[in-house]
Amino acid sequence: MEKLTDLNYTLSVITLMNSTLHTILEDPGMAYFPYIVSVLTVLFTLHKASIPTMKIALKTSKCSYKVVKYCIVTIFNTLLKLAGYKEQITTKDEIEKQMDRVVKEMRRQLEMIDKLTTREIEQVELLKRIHDKLMIRTVDEIDMTKEINQKNVRTLEEWENGRNPYEPKEVTAAM
């Protein structure tokens with residue numbers, strides 16, 4: 001019986017909408033007709049969808065207050081979007097969730113900054129050690145024997161008989 005009365009109610013609402021639309025269409029100067037039709041359609045859909053949804057939610061849910069609050073907030077947010085507002089209604093639960101998310105993100109960024117700072121300090125210490133090793137030390141006389149690998153090189157006076165052993169000798173070949 002409830003379904004039958006619900007059907008009669010729906011038919012009467014549709015009839016009311018049709019009669020309203022016909023009276024609007026008779027006015028030739030009506031420029032906002034598509035907007036009015038879309039708003040009426042959305043309102044009717046919200047009306048028809050919200051009541052059964054609320055009934056089902058209240059029957060199946062243990063926390064009925066939260067569900068009702070969420071449904072009402074969703075309906076108002078939809079109406080605000082239709083009206084062109086960018087602001088939305090939020091519940092305390094949503095605000096707390098967003099705050100927890102923000103705090104979690106801030107902690108993550110602080111940990112990352114701490115890691116990066118530690119790495120930078122380690123890099124600075126490494127660069128300081130490299131600089132200390134590469135530091136130029138002034139010496140009075142530079143020993144080049146290590147650089148050219150000639151520790152046992154003799155001077156002309158030190159050679160036997162004063163003769164250079166690496167000079168080419170005259171070689172005669174038999175023909």
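The first residue you see is number 1, and the count goes up from there.
Including glycine, each Cβ sits where the backbone N, Cα and C put it.
As given in Swiss-Prot:
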BINDING   Glu120, Gln123  Ca(2+) binding site
CARBOHYD  Asn8  N-linked glycosylation site
CARBOHYD  Asn18  N-linked glycosylation site
TOPO_DOM  1-28  topological domain 'Lumenal'
TOPO_DOM  52-175  topological domain 'Cytoplasmic'
TRANSMEM  29-51  transmembrane segment
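Taking the features listed in Swiss-Prot, we show where each one sits on the structure.
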{"residue": "Asn18", "record": "N-linked glycosylation site", "Cβ neighbours (10 Å)": "10"}
{"residue": "Glu120", "record": "Ca(2+) binding site", "Cβ neighbours (10 Å)": "10"}
{"residue": "Gln123", "record": "Ca(2+) binding site", "Cβ neighbours (10 Å)": "10"}
Distance [Cα-Cα, Å, rounded] between Glu120 (Ca(2+) binding site) and Asn18 (N-linked glycosylation site): 73
Rounded distance in angstrom between the Cα atoms of Asn18 (N-linked glycosylation site) and Gln123 (Ca(2+) binding site): 77
